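Below you'll find the structure, written out as structure tokens, and then a few comments.
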Amino acid sequence: MIVTIDGVAASGKSSVASGVARALGVPYVSSGLLYRAATLLGLEAGLRLENAAELLAHLRAQPLRLEALAEGNRVWVEERDLTADLHSSRVDRGVSVVAALPEVRAWVDGQLRALPEPFVAEGRDMGTAVFPQAAAKFYLTASPRVRAERRARERPEDVPAIEAALVERDRLDTVQSAPAPDARVIDTGNLTLEGVIGAVLAGLPARQG
Ligand SMILES: Nc1ncnc2c1ncn2[C@@H]1O[C@H](COP(=O)(O)OP(=O)(O)OP(=O)(O)O)[C@@H](O)[C@H]1O
Ligand SMILES: Nc1ccn([C@H]2C[C@H](O)[C@@H](COP(=O)(O)O)O2)c(=O)n1
């Protein structure tokens, strides 16, 4: 079984996916981390992020490995764990450029589709392009201000600056971020994290056996 959780930036996708995955006893899969890792490696190598051929050649020369666990996802290149460097403002600013490249999207999608079921997959297009056959689909939203206030608790930047960056990233990611027609849209603005996880669990189809 595949459950998809898509949504706008900082809407709680990874926290909710992790909670749902733990409740179900399955891994969760963060597609955004693969886009972030591709961006980080491109930046570190001094590549032009909009050049798909250069970037893909670089990614193929040092293959990324996504470690998908219910507690959290990690991305490795051989023995190096990239995870702690993937949520910097530098990566945030570059990642939408990388995510707009069809060749990179195909590379990420191939990695995701190779994963063994069951899992909870979170991102932007999990329920539309990557796993349209998913058993249940959810789409998380919240106002930019609410999302920025939540993010400000984890980063040393002020709320208006974070909010402006989130709005800009939403704009750049619009194309691949539409909810699936059969997704349940959850506005998380007035819900606790536990409340959102409970709403998703309550929306799952009854399990067989
Ligand atoms: N319903 C909620 N109530 C309060 N805080 C929440 C809620 N959902 C998520 N958060 C907090 O908001 C922050 C962003 O959540 P999270 O990182 O899961 O979002 P995301 O959609 O995966 O982000 P990104 O798009 O940047 O990868 C985290 O600090 C998380 O704990
Ligand atoms: N399925 C996905 C997942 C992510 N992206 C892009 C959009 C984001 O700006 C970036 C990082 O994702 P996040 O960590 O914020 O979920 O990657 C995408 O286009 N498709």
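Backbone N, Cα and C define each Cβ position, glycine as well.
TrEMBL labels come from automatic prediction, so no person has curated them.
Listed features, source TrEMBL:
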BINDING   G7, V8, A9, A10, S11, G12, K13, S14, S15  ATP binding site
DOMAIN    3-201  domain 'Cytidylate kinase'
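Shown on the structure are the features that TrEMBL records.
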| residue | record | CB count, 10 Å |
| --- | --- | --- |
| G7 | ATP binding site | 26 |
| A9 | ATP binding site | 23 |
| S11 | ATP binding site | 26 |
| K13 | ATP binding site | 28 |
| S15 | ATP binding site | 18 |
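The ATP site is defined by G7, V8, A9, A10, S11, G12, K13, S14, S15, and by the 8 Å test on Cβ atoms against their centroid, the other residues of the chain that qualify are V16, E122, L140, A142, R147. Look at A9 (ATP binding site): DSSP puts it in coil.
Filtering G7, A9, S11, S15 by Cβ distance to ligand 2 (under 6 A) retains the following binding-site residues: A9.
Secondary structure at S15 (ATP binding site), taken from DSSP and collapsed to helix, strand or coil, is helix.
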